[in-house]
Every structure is written in structure tokens, then in C-alpha cells.
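Database features, via TrEMBL:
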- Lys11: active site (ACT_SITE)
- 75-153: domain 'GHMP kinase N-terminal' (DOMAIN)
- Pro103, Val104, Ala105, Gly106, Gly107, Met108, Ala109, Gly110, Gly111, Ser112, Ala113: ATP binding site (BINDING)
- Asp145: active site (ACT_SITE)
- 211-285: domain 'GHMP kinase C-terminal' (DOMAIN)
Amino acid sequence: MSTATVRVPAKINLCLGVGPVREDGYHPLATVYQAVDLHDEVRATSRDDDAITVAVHSELDVRSESVLVPEDDDNLAVKAARLLRETTGVMTGVDLAIRKVIPVAGGMAGGSADAAAALVACNDVWATGLSRAELEEIAAQLGSDVPFLLHGGNAIGGGRGETISPVLARGSYHWVFAMAHEGLSTKAVYAEFDRLNDGSRVPDPVVPDALLAALRAGDAEALGDALSNDLTEAALSLRPELQDTLEIGIEAGALGAILSGSGPTALFLASDEQHSLDIAFALSSAAGCADVVQSRGPVTGARSTS
Ligand code: C5P
């Protein structure tokens, strides 16, 4: 029996440009991803038979998130293991144990992170020997964010988010995340985006030059000004109270404040550790805020710890 443990980060989108809905139902994206220091862990243990099982343990004491994460074949980590097995012809089963810290349905790609970690862990315990590039191809079939979570760091995301290309970036950034009491379905937010834009011409998405310049310079203040998210209106339409959370962070002096991906997690950029502590303190008493987490980015993608 062989075991591998993989740590995988959450992602944020420093900008999220969303284009007109495609024929396959997805939206073309122009985004810059950053992997942040908020990690799930997936342990894979090979089995004697061909079963694939999953158990989820939540580290989040505020909400019983594990209740929301399916512990069956609908779990994205199980889908990842199945797809790797189909691709490589392996016959062995695996037990997957997920330690969840990334918020569920929080706009931080928690499910996709577990899928990325399961690919790396199963590739290890099954000794399938796939390269990172081969794993990235499988990852793209599992979800739009999964290839980036293998990669980590900073990257430009194109296509529906699954096409990753390098971006010149410097610096380490201080983030504060405000987790909401209840998750938001990514699908529902994109559907609301379509509803709000019905009848209007949605332009093709672009990554703003100001954001790329800020990252190249490692300039936190300029990055704060350049943060953007085209899903804001749709997410706020479904959760108007998120506006209050964003405003509390801005009043506390955040360099920038946006929703993370499709929300509802709100993210705030701070200039240093003390500033991040001040913003976290201001948010901790906000009514819409279930939990506040200080974090750093960028960090590496899914990596084996054993
Ligand atoms: O790719 P993933 O399965 O994580 O996406 C979840 C849902 O989010 C999709 O089913 C789709 O409704 C929506 N989505 C989208 N356009 C994207 C990414 C996701 O419409 N680029």
C-alpha cells in the first residue's frame, strides 16, 4: 500500500474579464490568477481492490462545510482520480482523504483545488508517471480553474480559464479574505451575468494593462487600484449585503477590494502585515462576515509533502 499527501492552494483572480456566453454555455475569460496561502490537503492511499472512496474533514469551525462537499462520485477529487485511471489504464483503487480549509462555493476554487491535488497524489501512489503537462491536459477536462491550481504562482488565464500562460510578476502581497456565511454557486452567478446583460453587447474580455504594469513593478498600491471583476454586479445582485463587506474593508484603508471570482468571498489588499491586521479587525465585526483570514500570495501550486 502506498500513500501520498499533496497540499494545494486556493486561487484569487486579480482581474476577471468575462465575455459573451459561448455556445457550450461557458464564458470566455481574460484573467490573472494568483495562488494564495490558504491550503487544502489531499491524502491518497492505494487500495487492494478497484474502489475509489473519499472522506472529507473540515477545518472550518464556523460552518460545517464538509456537509456541503459530496462524499461520493460527485466529489471533484473522485472525478479526477477516475479520469486519471481511464487515461492511464490503471486498475488499482484509492482512498482519498481531504482536509478542507478553502471555503466551499467561495469563489476560491476549493473543489478544483482538491481535483488538482488528487491528480498529483494519485499520479504518485499509482506510479503512473505522467508529466505536469500531461496532468494539465487532464485537469482542463475537470474544470476551468484546475490547470492553474497545478501550476500556482501568478498566471494569465484565457479560454474558459483553463489556458494558462506566464505573466511577469514581482513581489509578495498581503491579502485579507472575508468569508460569507453561505456559499454562492458559480453557475448561478454566471447565469445572473447573462440575465443582466441580456440584449446588450458584451465586449471581448481583456486583461487591463494597468494591472500587468503593477504586477511587473511589484507595486501593491497600483495593484490595489487595478483589481477588477466583471462578475461583481451579478454576485451583488444575488447577495446585495456583500456591498457592505466591501465598503467596510475600503473604509479600513484597503488598497483595493473586490469579490473573489464568482464570490461570495471578498478580498482586500493590504500594504503590510500590520495593515492587514487592521483590515481583518475591522471586518471581524461585519454582519455578513463569517470568518476573516489573513493570507499571502503568490505561492506554489499542488505539491507533494511526503
Ligand atoms: O469550469 P467549472 O466546471 O468549474 O465551472 C463551473 C460552472 O461555471 C460552469 O458549469 C459554467 O456554468 C460556469 N462557468 C462559465 N464560464 C467559465 C467558467 C465557468 O460560464 N469560463
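From the backbone N, Cα and C atoms, a Cβ is placed for every residue, glycine too.
TrEMBL: automatically predicted annotations, no manual curation.
When the alpha carbons of Lys11 (active site) and Asp145 (active site) are compared, the span between them is 8 angstrom. Here Gly111 (ATP binding site) is positioned 9 angstrom away from Asp145 (active site), judged by their C-alpha atoms. Per-residue pLDDT, averaged over the domain 'GHMP kinase N-terminal' (75-153), rounds to 97. Across the domain 'GHMP kinase C-terminal' (211-285), DSSP classifies residues as 43 helix, 11 strand, 21 coil. Look at the Cβ of each of the binding-site residues Ala105, Ala109, Ala113 and count the other Cβ atoms within 10 Å; the largest number goes with Ala113.
When secondary structure is read from DSSP and collapsed to three states, Lys11 (active site) falls in the strand class. Within 10 Å of the C-beta of Gly111 (ATP binding site) we count 25 further C-beta atoms, all protein chains included. Cβ neighbours of Gly107 (ATP binding site) (same chain, under 8 Å, six or more residues apart in sequence): Leu184, Thr186, Ala235, Leu259, Ser260, Gly261, Ser262, Gly263, Pro264, Thr265. Listed in chain order, the extra residues whose Cβ falls within 8 Å of the Cβ center of the ATP site residues Pro103, Val104, Ala105, Gly106, Gly107, Met108, Ala109, Gly110, Gly111, Ser112, Ala113 are Ala10, Ile102, Gly183.
Per DSSP, the domain 'GHMP kinase N-terminal' (75-153) is made up of 46 helix, 8 strand, 25 coil.
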